[in-house]
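Here is what Swiss-Prot says about this protein:
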type	residues	note
MOD_RES	17	phosphotyrosine
DOMAIN	34-306	domain 'Septin-type G'
BINDING	44-51, 78, 104, 183-191, 241, 256	GTP binding site
REGION	44-51	region 'G1 motif'
REGION	101-104	region 'G3 motif'
SITE	156	site 'Important for dimerization'
REGION	182-185	region 'G4 motif'
MOD_RES	190	N6-acetyllysine
MOD_RES	211	phosphotyrosine
MOD_RES	218	phosphoserine
REGION	260-270	region 'Important for dimerization'
């Protein structure tokens, strides 16, 4: 008697259906189970509202115990690296978010060396990932590479400062830079547009590479294409952050209350906060891919080239040492051979003298 075939493996309604179409669902389930990792760096002068904006973006308090330094402490203050990691879960999707803050940037009178600490940190994360990737246990690598850098630009100037230009050029081949105009509520709409245009012109003039959003695919829906167009047109993003809930038009909103009215953080007519958050969420995967395929690969290639030359030099040094030792051994062997020959000649001469003396006796 033949066994009955399990009905769950029979699909009579769609003959010829193999099931490859289910692969994206498998990838999705695996990704959701594993969770996602993202590292965001924020850089800018003190007082531009970096911490407030980050707390507003992710609806959390990443800096509950921060102490604001006084003016005297800022004069000789050096750049520090403060990494805060939080686990965020939304509808079953887990995100391990690391925010790297850089307090002290631009505060000291002499900012000549303020880049070094930040650049060293970025390179150290690349180096750590390269080391882990080259190890035996590669299944559980924690990705601490910096995937995006929000660079905060002061709204009180007339464009980029020399410090802004120098810093962005120092890191633009290492990380995705997203320029952000801080405290946009200090500017009128016309002032904001003029400042944006001036910053973009200076970025192009100095050949600074910022993160460019990829074009929408031709098969994307029109709403997504329009969203992408609006996001691109908003760079650099002019933003307002606030941790306070205030009442506006009968509802509680995050915002700032002024004598002349209310600035709502999440109102796209007031600032680009929602656009910045939308860009970060919808392009998080692309930011990671650009980090992996461009910035990390550049670092890895340069690192392996330097490592190759280093090994080559070490091998040359070893060969040179071996040659020198072989030459030294040959010299010692020749010296010993000469000494043996001299001793043999002396012994032969001594035997002759002894014989004649005996003969005379």
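Using N, Cα and C of the backbone, Cβ positions are placed for all residues, glycine too.
Annotated features taken from Swiss-Prot, shown on the structure.
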{"residue": "44", "record": "GTP binding site", "DSSP class": "coil"}
{"residue": "50", "record": "GTP binding site", "DSSP class": "helix"}
{"residue": "104", "record": "GTP binding site", "DSSP class": "coil"}
{"residue": "156", "record": "site 'Important for dimerization'", "DSSP class": "coil"}
{"residue": "185", "record": "GTP binding site", "DSSP class": "helix"}
{"residue": "190", "record": "N6-acetyllysine", "DSSP class": "helix"}
{"residue": "211", "record": "phosphotyrosine", "DSSP class": "coil"}
{"residue": "218", "record": "phosphoserine", "DSSP class": "coil"}
Those recorded positions listed as 50, 190, and which of them has the most Cβ atoms within 10 Å of its own Cβ: 50
Lowest local Cβ density among 44, 47, 104, which the record lists as binding-site residues, within 10 Å: 47
DSSP helix/strand/coil residue counts for the region 'Important for dimerization' (260-270): 0 helix, 4 strand, 7 coil
Alpha-carbon distance [residue 156 (site 'Important for dimerization'); residue 188 (GTP binding site)] in Å: 12
Contacting positions for the region 'G1 motif' (44-51) when only residues 6+ beyond its ends and CB under 8 Å are counted: 62-63, 66, 74, 101, 103-107, 150-154, 180, 182-183, 240-241
156, 211 as recorded positions, winner by CB count within 10 A: 211
Model confidence over the region 'Important for dimerization' (260-270), averaged pLDDT: 84
Nearest of the recorded positions (156, 211, 218) to residue 191 (GTP binding site) - Cα to Cα: 156
Tertiary neighbours of residue 185 (GTP binding site) (same chain, Cβ under 8 Å, six or more apart): 240, 256, 258, 263, 270, 271
Using Cα positions only, nearest of the recorded positions to residue 156 (site 'Important for dimerization') (47, 50, 211, 218): 47
